[in-house]
Amino acid sequence: MKPTLVLVGRPNVGKSTLFNRLTRSRDAIVADIPGLTRDRHYGHGRLGLKPYLVVDTGGFEPVVKSGILHAMAKQTLQAVDEADIVLFIVDGRQGLAAQDKIIAEQLRKTGQKIILVVNKTEGMPYSSVTAEFHELGLGTPCAVSALHGDHLGELIDFALEGYPYEEETAAEPGQEKCPVIAIAGRPNVGKSTLINTLLGEERVIAFDQPGTTRDSIYVDFEYGQRSYTLIDTAGLRRSGKVWETVEKFSVVKTLQSIEAANVVILVLDAHHEISDQDAHIAGFILETGRSLVVAINKWDGLDDYQREIIKREFERKLGFLSFANLHYISALYGNGVKGLMPSVDAAYAAARAHIPTPKLTRAMLAAVAKQQPPRGGMSRPKLRYAHQGGENPPLIIVHGSMLEHVPQTYRRYLENTFREVFKLKGTPLRVEFRTGHNPYAGKKTPLTEEEARRAHSRRRRNRKKYG
């Protein structure tokens, strides 16, 4: 097991910057704004041969008893319970604050191993920058600069000292990868509630306020004896409504998380009509080629008439998602949630399907025999064979002649045929048409010696005859 390091401290002391340094990534959003990180954020790091897990937490406000700051404090305490080592971060430039004393007292009650880390110490002598923090009674402080990376190696060495570790074995060549699932949708549609229902614990903040999740949270879990990684993305809203710079960062992280996923569960709100923004999110998922499962949330409490309206609206506005499995769920009460994971598995398998060339060609020729492509001018396109050109999503390449004249309707006909024959449910499917190259096109055929002699004789006769 990897040791777990949890970063704790009051707002804006540099926890997310330290997280990015320790994981050698830019997975946590960093800006000079207090209260930026709200959920637990997990990342992997390594010092030499020693791997470790790092958990970034929101700014700790233990004295707040209600609202979202209280929920953030609960998240921090849950992370501390999971920790092997707690890195208590304080600000060396601002000095010891009253809130630091309150947090230190709270951490002492947990009984966990605590290391006091004085951040933002670049250019400052150790003795002067750490002197006042001895008052906290947490042992010798470690002075670091997360921004510049100073003394971080010594910090991790000290934190992992005496901790047993095992060398990680490489994955077997045929070993199946862990599917990565992104939960995406507009703000406040119930994405975090859905994750908590799937996990059976309150892992991410579920709060009735749009924009609660600002970062993309990675959570490993097992379901049905299979391992998965879930990503709770920040809610996407129209760019015109993205006022805060931080929220713009969150949108970028959301789009990156969708690109990093194998399967995306698109969550829609049954209590609000399907908007253009829902369609834009779905369009982006398709552009990136990610497999898709659609979940219409908050289905409970609707009567039959309202449900029928929602179904018709989905067909009208999101009909291009007909390839995806559609589920009507209540994330809050768990209704219909169990059906999501089989659809995720099916979509993941379809995206990684390997289809032999003979089978693809037979399916294509059977479709052509059933319905010929329409003529393009004086000639009809000829489809000769098909093969798979890629996966995730599947790419099928059709070869033939005059294929530039194949209309869009016939392309969709072939796509639907391939999807039906090979059961490619839940994944986008791309079909490319390639016309065979004629190496002699636009070139004159050279004359043989005999043909050249006869041509010369004809020209001489014509000159004599016509002067």
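The backbone N, Cα and C atoms fix where each Cβ goes, and this holds for glycine too.
Annotated features, as they stand in Swiss-Prot:
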type: DOMAIN; residues: 3-167; note: domain 'EngA-type G 1'
type: BINDING; residues: 9-16, 56-60, 119-122; note: GTP 1 binding site
type: DOMAIN; residues: 179-352; note: domain 'EngA-type G 2'
type: BINDING; residues: 185-192, 232-236, 297-300; note: GTP 2 binding site
type: DOMAIN; residues: 353-437; note: domain 'KH-like'
type: REGION; residues: 434-467; note: region 'Disordered'
type: COMPBIAS; residues: 455-467; note: compositional bias 'Basic residues'
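Same-chain residues lying 6 or more positions outside the compositional bias 'Basic residues' (455-467) and placing a CB less than 8 Å from one of its CB atoms are 447. Taking all protein chains in view, 19 other C-beta atoms sit within 10 angstroms of the C-beta of N188 (GTP 2 binding site). Calculated from their C-alpha atoms, the gap between T57 (GTP 1 binding site) and K191 (GTP 2 binding site) amounts to 19 Å. For the binding-site residues N12, T57, T121, the largest tally of other C-beta atoms within 10 A is found at T57. Counting Cβ atoms from all protein chains shown, K15 (GTP 1 binding site) has 30 others lying within 10 Å of its own Cβ.
A straight line from the CA of G9 (GTP 1 binding site) to the CA of W299 (GTP 2 binding site) spans 40 Å. W299 (GTP 2 binding site) sits 39 Å from K15 (GTP 1 binding site), counting Cα to Cα.
The separation of N188 (GTP 2 binding site) from K15 (GTP 1 binding site), Cα to Cα, is 26 Å. Within 10 Å of the C-beta of G185 (GTP 2 binding site) there are 26 other C-beta atoms, taking all protein chains into account.
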